[in-house]
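Trainee: Let me give you the structure first, and then I'll get to my questions.
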Amino acid sequence: MNLVLMGLPGAGKGTQAQKIVENFPIPHISTGDIFRAAMKNETPMGIEAKKYIDKGELVPDEVTNGIVKERLAQDDTKDGFMLDGFPRNLNQAAALDEMLAESNRHLDAVINIHVEPDVLVERLSGRFICRNCGATYHKLYNAPKVEGTCDVCGHHEFYQRDDDKPETVKNRLDVNIKLNTPLVDYYQKKGVLHEINGEQDIDKVYEDIKKVLTNLN
């Protein structure tokens, strides 16, 4: 079972990835993890990627593609894998098709956890911090027990980090939506896309994903 897991920041992709690998015996291949592993193990592509990362530059597609290809060549992917964070654009999607075709494999499903942008802004911009002790809260998921009073130190002054402010979150989401939309269209045309409603509770989202994956087996 060869999968790609997609979803905008705040859609709950990390939580669902964890649930999938707990219940299906396939490796979770996150691009962040494989970059770190490739650099640590000094693979040819890891050495190449490190040059860009050390300079604070974006890693070119061909290097990212090479690192994914190295990882997909490992034995534990023989019976399937779940890619998370790749592909990020249409060039990478085409490269993935090519590398799978070379080893007589194909994608079985692309799971896209869909959450409306305004809900994502609310989820991602709800965090606030006690100015006195640094305790972190979220207005939806982890509000103080007494409104306006820190549970930890009893102070009443809170602030929000700049990157948690709604306008910053919205800008970050806009960038991701621009990358995501062509990929959703691409996989829809290929007939492998499964849209999952990510606005349900966590267990219900997983139930819907599980139904898709069970039908693939």
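In case you wondered, yes, glycine gets a Cβ from its N, Cα and C as well.
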Trainee: Given that Swiss-Prot lists G10, A11, G12, K13, G14, T15, R127, T136, Y137 as binding ATP, which residue among Q74, Q200 does it place in the same site?
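Mentor: Looking at Q74, Q200, the one Swiss-Prot places in the ATP site next to G10, A11, G12, K13, G14, T15, R127, T136, Y137 is Q200.
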Trainee: I need to check the long-range neighbours of the region 'NMP' (30-59): which residues 6 or more away from its ends have a CB within less than 8 Å of a CB in the stretch?
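Mentor: For the region 'NMP' (30-59), the far contacts come to 17, 66-71, 83-86, 88.
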Trainee: Mind looking up the mean pLDDT for the region 'LID' (126-164) in the predicted model?
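Mentor: Reported value for the region 'LID' (126-164) is a mean pLDDT of 94.
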Trainee: Using only C-alpha positions, which one of G12, C130, C133, Y137 is spatially nearest T31 (AMP binding site)? These are the binding-site residues in the record.
Mentor: G12
